[in-house]
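J.: Per TrEMBL, the feature domain 'ABC transmembrane type-1' maps to C:96-284. The feature transmembrane segment is assigned by TrEMBL to C:37-58, C:102-127, C:134-152, C:158-177, C:216-242, C:262-284.
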């Protein structure tokens, strides 16, 4: 296992490093400059230069990068140029909203995906199967924001059950908070759940055709036992990997879902930061999103390795 | 895939159904996050008001009369006086009297006693002097900075009295300045910009700022008018999206909302669970650069005036609120003739004819505007109107800071749409206050005639026949030159639910929560 | 372990080269002989015609304002009118036009550049590996985050979207092409051709490139839908097409404000978006079937 991890490290570190460089360089390729904005309306060129020096924007790029990375390792992401507040504080203030959304969406994705996948991959009536297939096909085809809009029209307006806009932190008022959270989380989760379900289903159906399943069945094992012990266990690895990969996508989708449901989370912060060219905020968020996606991928590979001795030993 | 016998286990299904029914029942018993009840309870002593605001506070712009500071600023910092929204009568706040000498050049200000800052330090005339001096500096960004810059001396006589002198009469602009300038604490002023220490004299202390998400105001127990204050706490929640603002009100999560446009709030008009409070006033003008073709031709500029369908803009974008006028002065301001207000009525045929005469058909007209939904909507109608008379308008969307910079440097291109939330000021103040009229305006109008008309208005004694004549003469000039076409003057609106009351609003549209209360 | 998107159709990378394609287009036309293919063809053609002929059908353009704001659905206005009294149906069609124009630029560009990048491995092994590592990094960026990064650099609007879409598409096409390259390179006929002294370029053009065509084309059809959704996503958050120019996403962005007063404002563009997605999903299925039929 440890050897497996060590083997994975270089490529992980490489991706992390390159992402950090991209996250750092991209905003600086943009036209416009935080110093100009900060200097305000009546600024003289000298004032702009002064502010630029104060912010360290006059140093060579690589030096700025090193300073920034040094800060990142100390947990200091710098100060927002525009708001004059530490970036960590800004992100911290919005984190709860996005974490609540992402966690609930992940849970829904896993539960719905597994349930539908197992149902679809087990012997069922044609009717049940076509319902499941229909669900998968529809949600594979439409992205979270469209699911969200349809949910707003259906459960927010046609049958007004849930609030469609705004949020309350779960810690402030769990009862109301969850009502605000349900629609966005479902919208975010369903398309990903369909991916998980479809994959699990395919993998189970393939496994069902394998010799060892036939053997188990020939030995007289009950169908449910065959499904649980033989088919499901063999399909699990794929599912774990896919769930890991989907979480990265889920974060990307959260940006639009937050916009649609007017949640004040990290996605909204990213959009406003792009609009006001608040480099340090944008780069921290880009880096964070990419790192989470990469870590999730790594984690799913580790789980896969733990499940499958071939991967673990073969590296 | 061959069909296989299915295992039927009804027991499991039943359990599932029971669980679902139970879940639904629980959900039904929950408080709904959707609808506000129509009942009104008892007033809560020391209650908490939740105020949903579209834009976060920006303490760094304390003196810049930013609209985004309107929801909180005068609950934390206070000015010396306030002007009544309709009569412009002077009401004392931190000053008990402001006496102007007959020649208008010496002002004696007496201050309220027993006022303290939030850190407990007594408020004195030195604080006022510091504030005047600070706002005279360019860095403070006060749009009435010309007023304190005209002061030749500020003499502190004793802790509650000071005298200010100037070379020229101080007129209406002095009161507009005093009305909009919050008094700050010199010791902590350098911490205002990043919001780390906002030490004012108002009924509430500014705390727990989470930039972009919200902040809290807590009652200040040392406040000089403590007995009038009902609320213990006001929680400001930044809610940028209009739908979310409405939903926050409807669900009862917030009792007060700032930043809705009238068209957003249209569904709430006439609903007795909500009160729409008009606050301040904003004018949205279409400006033209008189040095750039085709607007270097007076006929083209005048044609634009006739091309604008102001009434439709008012109806569609402002839900029928607000007023239309051909002049950038408040409708109903003293001395402004009604004929001038109505001068440019919607007459596209005439406008088309004028464009044809001027030979400007098909002229490309870039119109720049800041990224703001209301301004963008106005642009869409304006562009449509101009296309109808034979011009070829194209939109140039600028982010807010870029637009602001261009506006202050007097460079916005051939045409632009701006917004100025100072339309409630007196005409004599407006001419030096809004960037599109003052010196260095982006229309590049600086003719001696314009300057002398402005000077006449500035120096006329407020309320005198000369002042009225000066306003009318300037109005005539503005209509004739047609470089600035105000499209609509609209109040900002606050929407309050029936769970709150006694929310005050100043002339400029600043929310006053000193007397506000919430009910159960 | 493969990290390809599991939703993408698993394609003919493993199939033997059929070698002879006398009329290359004819095979793809077969796709439209199934009922599903016919529906797809009708839908795609219909939408494309509607978009293409929009200026003829609705000569008033997308900015015909009237005093009748936020009207409900009626015969005259199938999706109602917007806040400035413009017909939302007309605006949706013009929005469709913008989206299809976007697709027309971005998708072929992504296909061509992606394929070339994927086949670079044929020039030198290390180059192929390097390219794949670079594509891995792009994959590491969740789609919208990549889009936002691009917008940050090039600004909002049409070309920002084109660049985002191309970048997001590169890994899919690049990996697909490489997969084909790797399988084909080890085929006996390629090895044989090589021992016969046939040049790399010739092998590439004659054998490998034709084999990439099928999967790339099918993937291109899948990617069209993704591209449209990406536009919609970025425009909804305000970083895509800027109003008043309509696109399906910018219409949704505007319509969200009026969702309670006039729900049809967003229903119109959603319907068009769904039709578009349906059309190209069916097209993908039909194409997939056609290329797998031997």
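Please read every residue number as a count from 1 along the shown chain.
The backbone N, Cα and C atoms fix where each Cβ goes, and this holds for glycine too.
From a predicted model like this one, the values you see are computed outputs, not experimental measurements.
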J.: Any contact between the transmembrane segment (C:134-152) and the transmembrane segment (C:37-58)? By contact I mean 3+ C-beta pairs closer than 8 Å, pairs at least 6 apart along the chain.
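T.: Judged by the Cβ rule, the two regions do not touch, with the required three close pairs absent.
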J.: Would you call the transmembrane segment (C:262-284) and the transmembrane segment (C:102-127) in contact, using three or more Cβ pairs under 8 Å, pairs 6 or more apart in sequence?
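T.: These two stretches do not touch.
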J.: Relative to the transmembrane segment (C:216-242), which of C:37-58, C:102-127, C:158-177 accounts for the most Cβ pairs at distances under 8 Å?
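T.: Result: C:158-177.
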J.: Would you mind listing the long-range same-chain contacts of the transmembrane segment (C:102-127), meaning Cβ under 8 Å and 6+ residues beyond its ends?
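T.: Contacts with the transmembrane segment (C:102-127): 135, 158, 161-162, 165-166, 168-182, 185, 200, 204, 208-209, 212, 216, 219-220, 223-224, 227-228, 231, 247.
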